[in-house]
């Protein structure tokens, strides 16, 4: 019996309750069309052909927001370094908060990007005026970095909007890959910003340049540090709420800007102490930090464009698929599309298992996959008949093991 089915519908909530977030970016197909040796349609999106050796392909679309960026233990150490590392590492305390629809999550991401864009724009505008008055290289470096952030936020907003579009016959997986392409553009802007910072800093080291309005420079640096930290916290909080890795990364990038503003303060203090060389040296230090951010960002973007996943992801998929009634698990695959994960896995079952019982197995696997992979957007489960010599024990799940009706 060969049974091939393709359908997309939300999986049950891992907590056993109603869905908090479903991907409603496009129309859901709930119709089965069964082809049992003769063409007849049941109006449900399933296309079954039977010939005694079945393979069911089940593709499920999910959109569950779980508010976790990665598993971690909430051990808050008392040492200063531990507190700093905890502050700079993306994590989430929002265990219960979830978004009801993908449309809502995209709207929250876009709104967060626009609000943070306005905040960083006001900060950068003030800093541009002070740079023109003072000639501070360190403040120029910080300002260029902030302007780079303004430029990189726009592609992120566009990517969020494109990701909301429904898949088409030409782009059957949707448009969420636009987020990764925006990442490449963001990397180019960051690289240009670093190059300009290095150029200005080297010029300042080789050419005498007087710095004036030190009080204003100090005030602008303090404002920049405070403004960027506020933007960072807002972006990270919104990113956790919608499980957006890109928005969280942008928040961490803004936090780096806050640290570079603190470096400007050091440059001003050096000028007051009669050490003008500190200012361009701090500018070079900022350039190094920007390059490190660039390398980290591009590594992640390229990794995802190459369909790479984190170590252990496939192991978790295979473990989740090994539910009672499954005789063997193979062919686990996964990839990121934007900030959402897609997974596929093949399972073998008893050849005597009915199509309905196979569907119950798929539902069970789907629930466990969603529990194991909080950022999972779509799961494809291929069910095939086990070779005849395979043990048929536990081939059909008991009533207690079957998922509750939804």
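The backbone N, Cα and C atoms fix where each Cβ goes, and this holds for glycine too.
All TrEMBL annotations are machine predictions without curation.
According to TrEMBL:
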- 18-54: compositional bias 'Basic and acidic residues' (COMPBIAS)
- 55-65: compositional bias 'Basic residues' (COMPBIAS)
- 385-395: compositional bias 'Low complexity' (COMPBIAS)
- 114-306: domain 'Cation efflux protein transmembrane' (DOMAIN)
- 318-375: domain 'Cation efflux protein cytoplasmic' (DOMAIN)
- 1-73: region 'Disordered' (REGION)
- 383-406: region 'Disordered' (REGION)
- 114-141: transmembrane segment (TRANSMEM)
- 147-163: transmembrane segment (TRANSMEM)
- 184-202: transmembrane segment (TRANSMEM)
- 214-236: transmembrane segment (TRANSMEM)
- 257-275: transmembrane segment (TRANSMEM)
- 281-302: transmembrane segment (TRANSMEM)
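Per-stretch counts of Cβ pairs under 8 Å to the transmembrane segment (114-141) identify 214-236 as the leading one among 147-163, 214-236, 257-275. Against the transmembrane segment (257-275), stretch 214-236 shows more Cβ pairs under 8 Å than any other of 147-163, 184-202, 214-236, 281-302. Mean per-residue pLDDT, taken over the domain 'Cation efflux protein cytoplasmic' (318-375), amounts to 90.
DSSP states for the domain 'Cation efflux protein cytoplasmic' (318-375), grouped as helix (H, G, I), strand (E, B) and coil, give 22 helix, 20 strand, 16 coil.
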